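Novice: Annotations for this protein, taken from Swiss-Prot, read as follows:
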- Glu38, Gly43: Ca(2+) binding site (BINDING)
- His59, His376: Fe(II)-heme a binding site (BINDING)
- His238, His288, His289: Cu cation binding site (BINDING)
- Tyr242: O2 binding site (BINDING)
- His366, Asp367: Mg(2+) binding site (BINDING)
- His374: heme a3 binding site (BINDING)
- 15-35: transmembrane segment (TRANSMEM)
- 54-74: transmembrane segment (TRANSMEM)
- 100-120: transmembrane segment (TRANSMEM)
- 143-163: transmembrane segment (TRANSMEM)
- 181-201: transmembrane segment (TRANSMEM)
- 232-252: transmembrane segment (TRANSMEM)
- 266-286: transmembrane segment (TRANSMEM)
- 303-323: transmembrane segment (TRANSMEM)
- 336-356: transmembrane segment (TRANSMEM)
- 378-398: transmembrane segment (TRANSMEM)
- 412-432: transmembrane segment (TRANSMEM)
- 450-470: transmembrane segment (TRANSMEM)
Amino acid sequence: SRQWLFSTNHKDIGTLYFIFGAWAGMVGTSLSILIRAELGHPGALIGDDQIYNVIVTAHAFIMIFFMVMPIMIGGFGNWLVPLMLGAPDMAFPRMNNMSFWLLPPALSLLLVSSMVENGAGTGWTVYPPLSSGIAHGGASVDLAIFSLHLAGISSILGAVNFITTVINMRSTGITLDRMPLFVWSVVITALLLLLSLPVLAGAITMLLTDRNLNTSFFDPAGGGDPILYQHLFWFFGHPEVYILILPGFGMISHIISQESGKKETFGSLGMIYAMLAIGLLGFIVWAHHMFTVGMDVDTRAYFTSATMIIAVPTGIKIFSWLATLHGTQLSYSPAILWALGFVFLFTVGGLTGVVLANSSVDIILHDTYYVVAHFHYVLSMGAVFAIMAGFIHWYPLFTGLTLNNKWLKSQFIIMFIGVNLTFFPQHFLGLAGMPRRYSDYPDAYTTWNVVSTIGSTISLLGILFFFYIIWESLVSQRQVIYPIQLNSSIEWYQNTPPAEHSYSELPLLTN
C-alpha cells in the first residue's frame with residue numbers, strides 16, 4: 001500500500017528495516033547452517049568447493065550488509081534517534097525512504113550473483129586475482145559488486161541523514177554532552193560510514209574496470225598491484241566492523257542503565273569520548289588484516305601497537321558498564337540477560353582480538369579458525385546479542401505489546417548455549433592449524449567440528465523459538481498499560497506505540 005511504499009515516517013521506515021533485516025537474517029542463517037552441515041563430518045556434503053565458497057561469501061555479505069546494518073542503523077536508528085532527540089522525524093524523510101528501498105534490489109543482485117555462472121566464490125573480501133576476470137569469469141562477481149554499490153549508496157545516504165538530524169534537530173536542552181548514548185553511537189557510526197564506504201566504492205569500481213574494461217589497477221602485468229586492493233578494502237573493512245558494533249554499544253548502555261534503575265550510565269561523558277576514540281582509531285589499524293603479505297618490521301610494530309590501543313577505550317566501556325551495574329539488585333529480565341551476555345562474550349571476543357593483534361602470532365593464526373572464532377564472538381555474540389537485547393527492551397515501545405518473559409528467558413539460554421558451543425571449539429581448531437574457507441579437513445579436526453555443528457543446530461532452534469515468541473505476542477495482543485521503566489530516556493514518555501507524529505509540538509527539556 002502507499003503508506004509503506006512511499007512512507008516518509010521514521011517509524012514506518014524503521015519497521016520496514018526490521019522486517020527486511022529479519023528476512024535477510026533467515027537467509028544468512030540458512031547459509032551458515034549449510035556451512036556447518038558441510039563441516040559436520042569429514043568428507044564432502046556439497047561436493048563442490050566453488051559452491052561452498054559461494055555460500056561462505058554470501059553468508060558474510062548477507063549478515064553484514066543486509067542483517068546487522070539494516071537492523072541496528074536502519075531499524076533501531078530510525079525508530080529511536082528522532083524519539084530520543086525530541087525531533088518530529090529525520091532531517092530528510094524521503095531520502096530515508098530511498099535508503100531503505102535501495103536494499104531489496106541490492107539483496108536481489110547478491111542472490112542473483114549466486115545463481116548465474118559459477119557464483120562469486122571469492123570470500124567477502126573479494127581479493128584479486130581470485131576475483132579477476134580470469135579466475136572468476138562470468139557475471140557473478142560483477143553482480144556482487146553492483147549489489148555492494150547499492151548497499152553502499154543506501155548507507156551513505158542514511159549516514160548523511162543521521163548526521164544532519166543530530167546536528168540540526170535536537171530539542172532545546174539536549175546539548176551534545178546530554179545527548180543519549182545511543183544517539184551518539186549512531187552519529188559516530190554514520191561518520192565512519194561516510195568516510196569509509198567511498199573507499200570501498202573506489203576499490204570495487206577499480207575491480208569492475210579491471211574485469212571488464214581492461215584496466216590493470218590490481219594486475220601486475222599492467223603495472224598494478226593486488227596489495228593496493230587489500231589496502232583499499234581494509235581501509236573500509238576495519239571501520240566497518242566498528243560500524244557493526246558501535247550502535248550495539250549504544251543500546252547496551254541504555255539497557256544496562258535502565259535495568260539497573262540508574263539515571264544514567266556510569267561515566268557517560270567518558271563513554272562518549274571512548275566511542276569517538278574507537279571511531280578514530282578504527283581508521284588507522286587496517287593493515288593488521290594484512291600481516292601475512294610481507295610488511296616491514298616497523299610497519300608491523302606500528303599496526304600491532306595501534307590495534308592494541310583500541311583495547312583501552314573499549315575497556316573503558318566494559319568497566320563503565322560494570323560500574324553502572326554495581327550495587328544494583330538486578331531483576332533478571334530477558335533484556336538484561338542479553339546485555340550481560342553481551343558484556344561477557346564481547347570481552348572474550350575482544351581478548352582474542354588482542355591476541356591476534358600481535359603480528360608475529362597473527363602470522364601463525366591468520367586464515368585459521370581462530371580468526372573465525374574471534375570475529376564471531378564479537379559479531380554473533382556481540383552485535384547479535386545487542387540486537388536481541390535492544391529488540392526485547394524496546395519492543396513494548398514499538399508495538400504497545402508485551403512478549404512472554406518466561407519463554408524469552410528459555411530462548412536466551414538455548415541461544416547462549418548454541419552460539420558458545422558453535423564458536424568456542426573453533427579457537428581449538430584454529431590453534432591446531434585448521435584453515436578457513438575449506439569445505440573439508442583432515443580427520444584429526446573431526447571432534448571439535450562435530451561439536452561446532454551441533455551448536456549451530458541448537459542456535460537455529462533458538463532463533464526459530466524467538467520468531468515463535470514474536471508471533472505469539474502479535475496474535476495475543478497483550479497491551480502495555482504503562483511502561484515499567486524509570487524513564488531515564490525520553491522515548492519512554494511516548495504512548496506505546498507512539499503516535500504517528502510523535503512530537504507535534506517541540507518539547508523543551510530541562511535538567
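Backbone N, Cα and C define each Cβ position, glycine as well.
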Novice: Given a Cβ distance threshold of under 8 angstroms, which distant residues of the chain, six or more beyond its ends, lie next to the transmembrane segment (450-470)?
Specialist: 22, 26, 29, 32-33, 36-37, 39-41, 388, 403-404, 407-408, 410-411, 414-415, 417-423, 425-426, 429
Novice: Within the same chain, and leaving aside His238, His288, His289, name every residue whose CB is within 8 angstroms of the centroid of the CB atoms belonging to the recorded Cu cation site, in sequence order.
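Specialist: For the Cu cation site, the extra neighbours are Trp234, Gly237, Val285, Trp286, Ala287, Met290, Phe303, Thr307.
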Novice: Counting Cβ atoms within 10 Å across all protein chains shown, which of the binding-site residues Glu38, Asp367 comes out on top?
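Specialist: Of the binding-site residues Glu38, Asp367, the highest Cβ count within 10 Å belongs to Glu38.
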Novice: At a Cβ cut-off of 8 Å, and with pairs 6 or more apart in sequence only, do we get at least 3 pairs between the transmembrane segment (143-163) and the transmembrane segment (378-398), yes or no?
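Specialist: When sequence-distant Cβ pairs are counted, the transmembrane segment (378-398) does not touch the transmembrane segment (143-163), since fewer than 3 lie under 8 Å.
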Novice: Which chain-mates of His289 (Cu cation binding site) that are at least 6 residues away have a CB under 8 A from its CB, listed by sequence?
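Specialist: In sequence order, Gln230, Trp234, Gly237, His238 meet the Cβ cut-off.
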Novice: So among Tyr242, His288, His374, all listed as binding-site residues, which is physically nearest to Glu38 (Ca(2+) binding site)? Use the C-alpha atoms.
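Specialist: Answer for the nearest of the binding-site residues: His374.
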Novice: With pairs fewer than 6 apart in sequence excluded, do the transmembrane segment (54-74) and the transmembrane segment (100-120) have three or more C-beta pairs that lie under 8 Å?
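Specialist: By the criterion, they touch.
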Novice: If you count every Cβ pair below 8 Å, which range out of 15-35, 266-286, 336-356 shares the most with the transmembrane segment (54-74)?
Specialist: 15-35
Novice: Just counting, how many other CB atoms are there within 10 A of the CB of His288 (Cu cation binding site)?
Specialist: 23
